[in-house]
């Protein structure tokens, strides 16, 4: 039966190419389904077991009526590892774990495979009827051990048939007939029912189990029965979620987690993930807490995380008595979750996809999932593949598009066209070759009598090729690299002209002097103010002395007579700068009058400090031509001179008879210390006030408490329902002392 079409798609890609294609899925009637029902047999599931025993053969009948008629079923149960602290190892508890509640229970076990997958519904019913409830002492169960063995212990039907038909192979038949027995052409469903969370990897350390789960089959037949048990339960740790994921994907198994409402609601009491390494600490502190935390350890993973961590898994709420199991199986069967093998995606390939589900009007981008797929309905998947580069390695160029609920798949085979094998693809009389030649590997092969990149030129009779006609000499470049050769004629670039594009429209080439074959455009004869243009360093007539004259000054000269004009740019003398050398940067070019004004305040201060009003002589340290004086107007009749030494950082030289009364700067310590002291004092006052208030309030509350205690009256009666923790019994037959 084929539901996915096409089965193989060949994709030819070049770098930069984009290819689109569709894959369709049409659900057919009576597609074969193998369903394995695995059940938690802890004591809290006795109502669910009773409901399953009541359904019995009718369970398969209802599945045939509501899901598919080609249904085979198997059955298994689990409890937990028979080790402390998971299961009580007290001898009486190992025989009957429900003895304290005065009930009859089966001995505890890890995982028991009771009925292989087959179409024998009577055998399935009998297997369920022969099942008894068991029990353990912690809340999480060993369901992951059961799921791993169900996934890796499948045996194809032809092996069972071979062992059954050949005489003398009874032991082999007994060993294989209890294996899971998945069919190769059927959908594989595992219905996992429980009312508690489950142990996962590293929980085995609580029982000193240090070896990791090896993901291998370890089912062995129980002597005297047809059932098989997991015989490595006490030696190997629980599998991790990642290991279960790998096992389910490899064996194309779709798990259906049917959990009771209490387990689903447990996530409301758990805000983060609490693994059993935390529980291990609580065991050391107090064993009671272990059982409390165990209820919530993996619940969040069970309800929210497993659907994302295990592909195509399904989680739904199981009624307290399991009476809705048929609807859960039907809903999961009608859901399709496809997956793309991204691990094998070739290098340099980008893939995007979208899905059009039945009865949907719009595409779902980046989604491969559809729900409620009915018989005959069709799902369309659109893929867009883009090649960004050719792969550098010879890795696999094959990808699979499949689902764990289907045994069929679609193979994408990528073929990269990275080498140009185009010699066999010749286009005669191509339009791109002016119909005068053939297009071969992207280039024109011209017919006789035609030349050019597109065969657009007709050959002449002068004996020279088209490219040779665009050269001045054999050693020269085509069109002097200043144009393109079109049919033997140079098509010059902008600002170039001449037969070979050798002349510049703005000047004269250096190699040709100033005449460029005596063409007027190449002569620098134009003049401004009777001064001709000159050549620049690339041979263009762009240099003129008028560009070195300041246009804002009508009396300006070339470079202000303080430099040389070099191709329209002034090169200034050392003492001058500016575009036109108009600024002098030397102190000798400046007067010092402005410098004196900045020291007026100091001169007045020194003058006021002089007691005898005599003129303070100042010796100039610079030549007289640069001497500047400052007359103090507030002292009539007296002039006080200050000389400035511009080269000695304008130091003042003065002479006075006695110290003056110039104001001194304020000491910053006088300002800072009072501020800091004020802050400290205010802080101390605030602390003292707060302490006094707290003491007064505490004293008042204590007085109120004492008054209430004095008014209280306590009864001295005895609790009528109180019972002492210990009871004394005497043996009536004992006569000793």
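Numbering starts at 1 and runs along the chain as it is shown here.
Yeah, the Cβs are placed from backbone N, Cα and C, and that goes for glycine too.
Per TrEMBL, the listed range annotated as transmembrane segment is 278-303 (candidates: 252-277, 278-303, 304-329, 330-355). TrEMBL assigns the feature transmembrane segment to one of the listed ranges (625-646, 647-668, 669-690), namely 669-690. Residue pair residue 503 (disulfide bond) / residue 572 (disulfide bond) shows a Cα separation of 34 Å. Recorded residues residue 455 (disulfide bond) and residue 370 (disulfide bond) have their alpha carbons 58 Å apart, per Cα-Cα distance. With residue 370 (disulfide bond) as the anchor, the candidate disulfide-bonded residues are 153, 446, 479, 570, 581, and the one with the nearest CA is 153. Cα-Cα distances to residue 559 (disulfide bond) place 570 within 10 Å, out of the disulfide-bonded residues 153, 357, 418, 441, 570. Mean per-residue pLDDT, taken over the domain 'Integrin beta subunit VWA' (1-420), amounts to 79. Long-range Cβ neighbours of residue 422 (disulfide bond) (same chain, at least 6 residues apart, Cβ-Cβ under 8 Å): 440, 441, 442. Neighbour counts were taken at the CB atom with a 10 A radius for the disulfide-bonded residues 565, 570; the maximum falls on 570.
For the domain 'Integrin beta subunit cytoplasmic' (691-737), DSSP puts the residue distribution at 21 helix, 0 strand, 26 coil.
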